[in-house]
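All remarks here apply to the structure that follows.
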């Protein structure tokens, strides 16, 4: 190993501000000269409609995996793909990458794109969206939002995240750098939760422009990003008069008094039938007297003479209003006009 390579492989213990800027150290054959001790294998099933395509490209798949000392098998009877390590395999993680490649190919990703996952700085993410929305109509509508008219929305997501994105059935397959995969997952999940992807696309476009300015590298970008308010108003009708909740008490409410309890409290319970009847008659006559008294007061209200003080005060008001209403000048002009008529006659 040369001095320059030794300097590159030195492990830094200093704090890192941006983890995405760190370079992933390369894993070479010299790092694992003895190879793998045990054989590892992964298998995945594929649908019937992918059988013809996989049969055509399988020689290319075997050739690609042979470069990494891996074996590949295609079982058309069972409908499965298998990848295995060999005695010459020296990279312990390449079998995981090969497993991801055959998973992507089973999800209708073309071989030219799927083989990119074997690179160190490229990863993949298969996002399951089938169980995020309960109604099928809503699911189809929101999934179509991801694609957009003529695939425009999907193309813009690919350009902004540097990822290959494929919407297929109940899954969204993404392939690209790890930071881009994180952004794709956020956009997909928010879209299925009824947030239009154009909002996240706008935010990514603004972030891309801000990254070009070195002065804003250590600043908070939230003030530049658009803030969208939810305009979906609840369709539930609110009551005009809302009942206020009573204060919580750990004790149960007191038991309401029964008729017998009320009779015991008033002493009526111990009376015989005749005494009870007499008491009821007495209460009835008292109520009738009160009602007759109120009726007489209402009838005699119009015949009650006003008090002297009120009569005097009303007279003063009338005098004041009449004196204030008299116009002296108009009265004088009227008298002069009457005198002129008398003289002329």
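Even glycines carry a Cβ here, placed using N, Cα and C.
What Swiss-Prot annotates here:
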DOMAIN    125-193  domain 'KH'
REGION    232-260  region 'Disordered'
COMPBIAS  232-245  compositional bias 'Basic residues'
COILED    270-298  coiled coil
REGION    273-345  region 'Disordered'
COMPBIAS  276-302  compositional bias 'Basic and acidic residues'
COMPBIAS  315-330  compositional bias 'Basic and acidic residues'
COMPBIAS  331-345  compositional bias 'Basic residues'
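Along the coiled coil (270-298), the predicted structure has mean pLDDT 90.
The DSSP breakdown of the domain 'KH' (125-193), given as helix, strand and coil counts, is 40 helix, 15 strand, 14 coil.
Break the compositional bias 'Basic and acidic residues' (276-302) down by DSSP state and the numbers are 27 helix, 0 strand, 0 coil.
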